Amino acid sequence: MDDDKLLAILESSQEGEERGLGPEERDPAETLGRLSDDALIEYMTNLSQGARKDFTREEYFRDKEIKQRERDEATRAGLGRANAPIFAGCTIYINGYTKPGRLQLHEMIVSYGGKFQHYLLAKKKVTHIVATNLPLKKRLEFRNYRVVRPEWITESIEQQKLLPWQDYALSWDQEQRSLQLKVASAPVSSAVDCKDPNFLKTFFENSRLHHLSNWKADLRSRFLSEGFNKPSPGDALSIFHIDFDCFFATVAALGCESCDINRDPIVVCHGSKSSDIASCNYVARKYGIRNGMWVSRAKSLLPPGVELVSLPYNFKEIEEKSKIFYTVLKEYKIKFDLILPISIDEAVCVVIDHHTPHPIDRDEICRELRSEIWKRTGGCTVSIGCSNTLVLARLNLKIAKPNGYHILTQQQLVENEADWHSYLGKFQIDDLPGIGYSIVSKLRSLRQHLNNLLQLKQYFHNSLPLLQKCVGKKTGSKILMYLHGKDDEESSRMIFEPESFFARKSLSIEINWGIRFDTVQEIDNFIDTCADYLVQKLQEMNKRTSQITLKVLRRCADAPIEPPKYLGCGECDALSHNCRLGIPTSELGVIATELKSTFRLLGCPPKDLRGVSIQFNKLIEVSYDQNENQQRLKLPFQKTLNFDVFDNLPSDVKNDFSKELKRRNIVLTSSPRPKTSYAATYEEKFMEELPTQIRNEVKNDLRINRKITRTKLSELREQNRKKKESIRNVRAHLLGHESLFEPIKFQKESRFKDICRIVMEWFDATLIEGPHEKDLLLFENYLDKLSDSNRVPLILRFSKLISVRLNLKSNQYGQEAGFQEWEQFLLKNVIPKLNKNKHTFQTVRKLDIDFDI
DNA sequence: CATGTGTGGTAGC
DNA sequence: ATCGCTACCACACATG
């Protein structure tokens, strides 16, 4: 189901009014407002059953086609400079989801001389069908047609000539063929250009941090699905913190015949200069090389004559070794009560002391585990820190590394103050878990030469308030606990409440490398790809989200366009914005629309974008609650749909709806009035597809509508009628019709369509030298009026219009001053207006002022 | 004071 | 060349 069809339905509801229905039918809402919910459903059913039957399928479509043709002609006429009529003689139909989207393709086809067919009614007229993939049924249906991929359109325009459609024919076994192509070309081309649709995939395949995060998530979910014994607070515990020594480097070295991990300085990385070192062995560390350092810096640390050995990642082998590691832990003769996954190569194993008949031999456990892992992995060493608190197990691990183990309990350590102090003296402050660069520098700002934990303890002298003032309330008390060898509440959760600790509460991705875009359209496409990736995961988890956040990295004003790191993000400002969806969803359409709209709110110039992050914040389990739809039916905004029009749609269109509902996993209860359910859900879907900002506006309008229809005082009736008319007027604007009431004029035109045409002519004429400042002011003034009278959706349409056009012209005019001025104008003057009228009370007030006269 | 938002920090190699 | 992820907590501040 696409926007065009949605619009078609709603437009046909408008047409119904134009066809001169009686006042009663014209506005069912007036009657509906006074009825109870049950009576309402009854009423709707009657309404739809009593609807006119003479509205045939052919009439409906012919009417639509004529209107569409007119619109296309207008668009074409609106082009100042005629584009080459590349698609002259072609009548093109678009099937299903495509990239670029249907609207963009439509625009391209029409502006380059082609005809666009909205419906496949008259198949004979259609010369080409555009699709990216087809369900089996459609394959049969289209088997005698020229079915092409969307690239046929875009590349024909790029090359300014009609390319042979055969080269873009959609192979029925598209998936297989593209797979073959990928396999064949994988070693040669890695999509390093973020505009490439495969960029995300190749990037993730090669990103160590992505792998680490993904592995961790997998391990956590596996942990939750397996059994464990939960200790109670107060239980005596033996905690083994087990961790591979320079894991990636060891694995890489094992796969490298010619190198010796005990002799050569080895690093794992992709490149040779600004590439991050994922892991380095202890030989390299001897020279001061560290994980995370750039290769160029590492090289500079080596004395002359010593060569750095750079090895590539071997993610597959890493997974294999890790699998062995966790298997050894699981199969060990002493059953661990908990095997807590920390990372791909790191786990915390817990024995509840009273669960074993005899006191366990911790020394033996450490030795046996280490040798078993070494044997089974073919030469990987792990180190083990053992204690009875998490923090001390971790600190002991630090001492144990590399290739050793260390066992000391809290009692042993803290009993003797002198021993405890000398122990603390061995550690840096950021050796404490959860304490990093930033907190250390906060502490240092209070006292410069804090180097080890002993100094930290002595300086703060158990003065909690001072510490808390410096680093924050929780962090302060956490540090103080650590300085007594105890775990704070938050870290203890891992042991005592593992279910909640390891449960997933959010889902996100983030890409801060290789991001270089020119236009909003390209970014939209990228956001689509990301949203698709995330939604797929969300659906696999059987969850929905009700709040999403978009975070963006924008190049700092004074940062160079290209940072020192190749395709890195460089110095950036992070901007983020979250939006609530009202109803939890896992639908790509809703989510992607919302994200793209949110991106515009953040106001980041496309060329300055350096990073993108998308988060699903509030996750809920999908429930097949039978009542869900019942509740939904009670939402007020659903009651204004003209059901008679819906009911008069051709039956195959209605079938499409129901299929679509099924596809989207909307469960319909066996309602006695399924038509009503479909219809009600249907408008709701339309609403959900709108960005929240606009959705709220519309909802609010409808809410007001309902409120007004409930008013019974007769002296207000006339006033109310006017109000309703004006509200309908707002709705008409949403659909792009001309205003029926108090039209706002621009250049003496008041019809939206005409204004669009003028703006487009103006746009095309000024692409090179740029629009005149005074004209821009006039236009902005018009936009402000739209904004003030609550016609934000119209502004959105202008934004889309301009941005689609910019994209279309970017090849030819991208470098022109005029083009760039328009781009700036769109970003700085048009899009911000979409965010106006944010508060509903304003909307109410404005409606009263504007229309109550 | 309770709640929500945007920002920032940390961990794993 | 190069693959600077991602979940989660804590904080500062705004809002009412």
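Cβ atoms here come from the backbone N, Cα and C positions, even for glycine.
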Out of A:ASP235, A:ASP243, A:ASP245, TrEMBL lists as part of the Mg(2+) site with A:ASP345, A:GLU346 the residue A:ASP243
Please name the residue among the binding-site residues A:ASP243, A:ASP345, A:GLU346 whose C-beta has the most neighbouring C-beta atoms within 10 angstroms. A:ASP345
The domain 'BRCT' (A:82-170) - residue tally per DSSP class, helix then strand then coil: 32 helix, 13 strand, 44 coil
DSSP three-state call for A:ASP345 (Mg(2+) binding site): helix, strand or coil? coil
Given the Mg(2+) site residues A:ASP243, A:ASP345, A:GLU346, which other residues of that chain have a Cβ within 8 Å of the mean position of their Cβ atoms, reported in sequence order? A:ILE242, A:PHE244, A:PHE247, A:ILE342, A:SER343, A:ILE344, A:ALA347, A:VAL382
